[in-house]
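Here's the structure, in structure tokens; my notes come after.
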Amino acid sequence: MSDANENQNSDDFLLIWLDQTLDTQSNDLRDLEKIRDVVYSLRTYTDPTICLEDIKTWSDEKIFLIVSGTTGREFVPLIHDLAQIQAIYIFCLHKNQQTQWTSTFSKIKPDNIFNHVKSLIVRLKIDLFKCEYVSNMNFKVEKSIFDIHQKTTDFKWSRLLVHTLTKLIRDSKAQKEMIDHLRDYYKDNKASLDFLDDFSNNYNNEEAIRWYTRAGCLFRCLNRSFHLSEQINRLHIEQKETIGCNSYTIYRGTCLSYDDIAILKANQNKLISFNGFLSTSFEKATALLFSEPSSKDEQKEAVLFEFFVDVDLDTTSYAYIGLESAINDELELLFNINTIFRINQVKYDEVMKQWCVRCSLCPKSEVERLYLEVADDDNNENHRNLYQFGILLIQAGQISRAEKFYCKLLEESRGDFKAEFNCYVGLGALFFHSSDYSRALDMYKNALDFNIQPEVIYNDMANVYVQLNEYQVAFESYALALSLTDDENDTHLLATTLANIANIYHRQSFYQQAIEIYEKVCDLFVDAYGGFCQHPKQAGLYDLMGLAYRQYGTFNKALKYYRDSLTILKDTLPSEHPTLAQCYNNIGLVFYDRGDSDSAFEYFQMTLAIYESLGYRHSSLATVYSNLAVIFSVRHQYTLAMEYHERAISLCREFVSENHQDLAARFVDFGVTLTKQHEFDKALDLFNKARSIYENQDVDNFSIDHSRYATCYSNMADLYYEKDDFCQAFEFSTKALHIRQVCLRSDHPLIATNLHNLGSIRHRQGQYYRALGFYKRAQMLFEGVTPRNEKALASVYDNLASLHFDKSEYQLALEFYTKSLNIRKQILDEQHPSIARSEMQLGKVHAHLKNYKNASDYYNRALRYIDNLGEIYLNFGDLHSFKNEYTIAMDYYDKALTFYKEKYGNNHSHTAMTYSKIGNTFYLLDKNDKAMHNYTLALEIFDQIYSKDHKDIAVTLNNIANILVEADQFDVALGLYTRALEIYREHFTERHPEVLTSNQNIAHCFRAMATKCVEKQLWQDALEFCQQALKIYEDVLPSDSTERESILKTLKNDMNQLLELIKSNT
């Protein structure tokens, strides 16, 4: 009866009739034609063996079986337990004889035994309708009247889609294509092919309801038919005048899963919308027939909906269709697509053993906010409506579908200039959204040839030139658009063009000019639309303003505009739309800039969720992966950070070549994380890969002075800075600066940042005056621009304060740390860790100024919010050490040691540094053995985690050498001092304080050795040691210092005395 191909065009269910005496030609009680009118997927069998084989083959189908009593006795046991069998009906003249044997089979209900076709058809209509339609019912639920559930926006777009499609002129060619498609789909289903023949020959728009109510393969298509929607609208108007009552209640029976019932219960007094047309009945008894579960295994419960309809409400259209229906004995009321009801009550009826859901039609005032505004086209041009449908697809993120739609529409529109124009504009917008800028330009140029709305096309072309970084050409195109724009009558286009011009200023870092224009555009939108504009283009404008303020560190304003954008987008776009995802990503970046990595992570995750739900694989997704990797890196979750960096790189490689800039950017991001882990070789390898990509770019599109190249150099400088290779760091930071000075304006914030970084390098090298020069230049740039990048300026103040602190200029350090703290209090939350860190630095300055109470107050404030308690404990220890309260200091150092061991383990730099602090305290207490023990522990850790030339090793070597000098172990001490000096010379110039101090330690050692020789009356040896000390002191002590004069004078006197002693003993 069937072949293997039939499963390819099967339906939601299959009705099988098995009877060995079945004769389709006889006009008997079985009357197959009447059944085919109700059930279009009917297959008949006379051979039980063939029937059994086919049923077993259709394991994925839902099969309803009609079988005669005689055949059923033997056949039913063979198939009853198969999962595909949904229900079994017995059709036999001797109905009473079937009761006993059928009672043992659960899929044969007592009322599923028939001896008349009419009663069988009634039952089939109920069961098959439930299988095909009712069980697949979808709900969209609103959480509250004020806080609309995300799906509400999807509902709006559904309404907008319906509006757009109902405006289309009916096309016989489209109808023929649909029928041809269905013929191919149902090519092995004779009943469906006969139905399609009937439809093709006899359908007309005025009878859409009759075809909707006829069983047949068009049911799904007609359930979304916009002819049907129009007929309901027409009947609603006709019947409203003759309805004869003010209100009535209609019913709908169904079976719902426990989860769906739970949703209904949770949303009482809220809104619900049925997806598609809603069929109801005036007869409660008829509705109840549809509420019975098909079987006990269905895991569903009976639900009766009662809908109260106030006929005076003009919210939606509905109509009594009994007179129009193919089944004219039903009292059916049909509601139009996406009708909204309020759920008034959900209650379980213990007597009826079913749920009762009472709903009412909503007043228009409650639901009008749920409809996107649409502009009716008075000309009702079909090509214009089709164009709008394509734009709708683009805005909904359906790019590939939009492209197929426009290409087909263009092919069919040749010779119709307006239609061709709209297609080219639509294709231009499509290619622009998919970043195919050359094809977008081609499409817009084709559209321009028609000389229709050239001001719009010039604007669109300019947008493409902006993306290609051809700003001058873009300016010229925008100027042409403005010259052709009617300012008074086309405010929207004027505002759009001005916003686009502001975007060019923005991209060139002229932020003040950009923001001034943006604010004018906001005023134009208010004038055009009134109040808070709810247009997606306004959301785009807010995005640009948010970005401008973010790049200048004005995070509160940036966040405000991004949130304004989000409010519009959530109300006008589907809940899973790429533009909404990008807005979440932008908000995440602001939170990251503010130091709130937890909130940033939350928004990045929301971005990722949308992209993944859309199956969205694009370079934007790679960027989100990189952003998440950065957050994991901040949290020190380096395993996850590595995983997400690798995802970003892998995804990027799916869309771009190995020589693409985007891939280079991903390499740089990964390199930054590896730098934080001190995986310097791996990081450097990635940076060099990025450099290689940039160097091989087409010079017309990516010159050697491109900003991304500068970013790569800047991050390489950071790597060498972390390695304490300050010469290399200075070299790469200088390269980055030179590039930025070529491609950016002189007061660009990136140039200021670069100067700041160069100052940090010179600072670490001990070249304080050069560092001060770079810091001051950066300060001048950051203070001179409007709006100011407050975050960057605070960082400059911090480093200026640190510089003055290192020079023991504590009052100046206090001044700059205070400025930094005041800025952070303005732009950050009170509990932000950066504020606590500023307070801690101020505490350190006050401690050195011997303002011990102020220092303690700042430390205590920092203690409330900073997450690094170990650092606070160390600072408290230093404070008490300054006050000679060594026992209290030791308590704090012990607390710090416990904290660091628990958090980082034994082999960590913080643990080692704390051992050094404890060693210093024991040294001050003259407990050199304990001091030596702790210094040795610190050195062992440093040797394990650092390279041999690390500065912390040099510090520890000096500390150990100091103890050895006091123990008269001069040779060993001198060796350690010399090794420390060699380490410092690897990092610093000869005039760096650490190098100078290390030289002085060696000189002090020589003096101590001379003193010991004097005790042994080794005058000549003592003289030689004094001479070596004198040479070092003369080289390293500042020429204008009183200390130099005193030391040299004392040493020369000692040497003169030694000479006298030598003479007297010769």
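Glycine too: its Cβ is placed from the backbone N, Cα and C atoms.
Counting residues 6+ beyond its ends, the repeat 'TPR' (421-454) has Cβ neighbours under 8 Å at 383-384, 386-387, 390-391, 394, 399, 402-403, 406-407, 409-410, 413, 460-461, 463-464, 467-468, 480, 484 in the same chain. Taken from TrEMBL, the feature repeat 'TPR' covers 421-454 (among others).
Residues annotated as repeat 'TPR' in TrEMBL: 455-488 (among others). With a cut-off of 8 Å between Cβ atoms, the residues of this chain six or more beyond the repeat 'TPR' (455-488) that come close are 425, 428-429, 432, 435, 437, 440-441, 444-445, 447-448, 494, 496-497, 500-501, 503-504, 507-508.
What TrEMBL records for 539-572 (among others) is repeat 'TPR'. Beyond its flanks by at least six residues, the repeat 'TPR' (539-572) meets 148, 150, 153, 156, 372, 499, 502-503, 506, 509, 511, 514-515, 518, 521-522, 525, 533, 579-580, 582-584, 586-587, 589-591, 593-594, 749, 785, 787-793, 827 of its own chain at Cβ-Cβ distances under 8 Å.
Restricting the average to the repeat 'TPR' (581-614) gives a pLDDT of 88. Look at TrEMBL and you will find 581-614 (among others) tagged as repeat 'TPR'.
Look at TrEMBL and you will find 664-697 (among others) tagged as repeat 'TPR'.
Within the chain, the repeat 'TPR' (794-827) has long-range Cβ neighbours (under 8 A, six or more residues past its boundaries) at 553-556, 594, 756, 759-760, 763, 768, 771-772, 775-776, 778-779, 782, 834-835, 838-839, 841-842, 844-846, 848-849, 993. Annotation source TrEMBL lists repeat 'TPR' at 794-827 (among others).
What TrEMBL records for 836-869 (among others) is repeat 'TPR'. Helix first, then strand, then coil: DSSP counts for the repeat 'TPR' (836-869) stand at 28 helix, 0 strand, 6 coil.
Residues annotated as repeat 'TPR' in TrEMBL: 870-903 (among others).
Panel annotation: around the repeat 'TPR' (581-614), residues 397, 539, 543, 546-547, 550, 553, 555, 558-559, 562-563, 565-566, 569, 620-621, 623-625, 627-628, 630-631, 634-635, 791, 827-829, 832-834 of the same chain, lying at least six beyond its termini, place a Cβ under 8 Å from a Cβ of the stretch. Listed as Cβ neighbours of the repeat 'TPR' (664-697) (distance under 8 Å, sequence separation of 6 or more from its ends, same chain) are residues 622, 626, 629-630, 633, 638, 641-642, 645-646, 648-649, 652, 658, 704, 706, 708-709, 711-712, 715-716, 718-719, 722-723. Here the repeat 'TPR' (539-572) is broken down by DSSP into helix, strand and coil counts: 31 helix, 0 strand, 3 coil.
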